[in-house]
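Written below as structure tokens is the structure these notes are about.
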Amino acid sequence: MTDGTAALPPEPADTARSLLDTIVASSNDAIIGKRLDGTITSWNAAAEALFGFSAAEMVGRSILTIIPPDRVEEEDAIIARVRRGETLVHFETERVAKGGRLVPVSLTISPVRDARGAVIGVSKVARDLSRLRQVYVDLKERQELFLAVLRTVPDGLIVIDAAGIVQAANPAVERIFHYAADELVGRSLNVLMPDADRAAHDRYLTHYLETGERRIIGIGRVLRGQRRDGTVFPMELQVEEVSTPGHRLFTGFVRDLTDRHARERRLVELQAQLIHLSRLSELGQTVSALAHEVNQPLAAIANYASGMRRMLGPDAAPELLAAVDKVAAQAERASRIVQGVRSLARKGDRPRRPEALRPVIDETAELALVGPGRDVTLTVRIGDRASHADIDRVQVQQVLFNLLRNAVQALDGRPVRRIEVTTRRRDAMVEVEVADTGPGLAEEVRSRLFQPFLTTKAEGLGVGLSICRTIVEAHGGEIAAVDRPGGGCVFTFSLPACDGPTPGAGDRVAGTPGEEVAVDQ
């Protein structure tokens, strides 16, 4: 005071009132005061920001200004509860902002009492839930997206706890093991393994939990799975640990190897068939060529013996005549043996039937494009009405195998390593074309390419292409080779065409023009 009088301390009630006004004004939550009849008595800055109405606009007006028409009865029920002295916490509802926009809010509603304790008004604290609702919507969308992805994952995904109890499983697990996911939740993962393997799996998990040593965690391994009906099958399992606050969980990724193993067995069988047929074909070609060469001197021996018999005349010594006769007889016998072996090598005609060419090509490529065929790009194009042929599958695969292996060898050291297999219809035949980006055909071998015993390699008999010609011609087709414009070689052979199944609308036919398969084995 200017007169030197000491200032009096503020009254306690004034201090409390000032503090309360400061809190209300600075709060991030909308704070609204109103009478029991709904007349608004206070409206803080946060309420202005939330609802778009200023305090000057709202003080003295009814609270119904911000209540949607369909929630008026809700407000009446709230007032009735407040009159009874109740406090409502986290009451979620909607209110109307300026311009008619609905605002989701969480309300805390408390009674205001006078000095005697009578309820004379209502205090409402409103928190905007718009952002929280959007976060919830975003999280729900992400969760639905995540679950949708899990539903489409072809591999099984199982979540287990530290005791090995299943917590969750995706639909692929249902397809693999034939259990519903709900049936597995709460049960031990061991139910998906044969009895003989369960103890070992438990030991692995227990050992990791006790020592931290990874024997199965993070390491894929092949073991046996057991379906609901007791069927045992090969599967690949990889277990990873998931770190979450307060939980120790593990995810198991399961892949059914049944089809892969069956496919590998088919490839082994096909390889054995091709090797066997190749040996027989090489034998046939060799015997045929040798028979042609050997028969000529045998015929000459027989002719010379016959001529000698005539020259000796009937008066020659009987022992000499007998010896000449034996020479002629043995020459004829040798000729019959050669013809017999030749006939034997040619026996074993195999039945033919309509075959889809795409799987024939794919299976052969898996065998032919390994080793040196690594990183070769294979393009397969199946032409219109050129998808099926009436063939001996194994023999045609032998032709393709020879041509593909030759192409791979021609690509050795080439900057562009590409092979294209194309089928096209030619009248009653299907032409199969195998083209590469190699150096092309050497001039000295071009005219003798399909002759037996022609080879440009250090190993081999040089009968591969000769066998190919024999097989193709036995099918009523032809085989030829030309240089490819721009570099490389093109082998073309023809097979008797037949009609395959007609795809329905929207069906995708394997091997449509332009489809590429990058071979990286």
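Using N, Cα and C of the backbone, Cβ positions are placed for all residues, glycine too.
Sequence annotations record features per position, and here TrEMBL assigns domain 'PAS' to 16-86 (among others). Applying DSSP to the domain 'PAS' (16-86) sorts its residues as follows: 41 helix, 12 strand, 18 coil.
TrEMBL lists 89-141 with the feature domain 'PAC'.
Look at TrEMBL and you will find 142-212 (among others) tagged as domain 'PAS'.
The domain 'Histidine kinase' annotation in TrEMBL covers 289-499.
For 502-521, the entry in TrEMBL reads region 'Disordered'.
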TODO: For the domain 'PAC' (89-141), jot down how many residues DSSP puts in helix, in strand and in coil.
DONE: 12 helix, 30 strand, 11 coil
Task: Secondary structure content of the domain 'PAS' (142-212), with strand meaning DSSP E or B - done: 43 helix, 12 strand, 16 coil
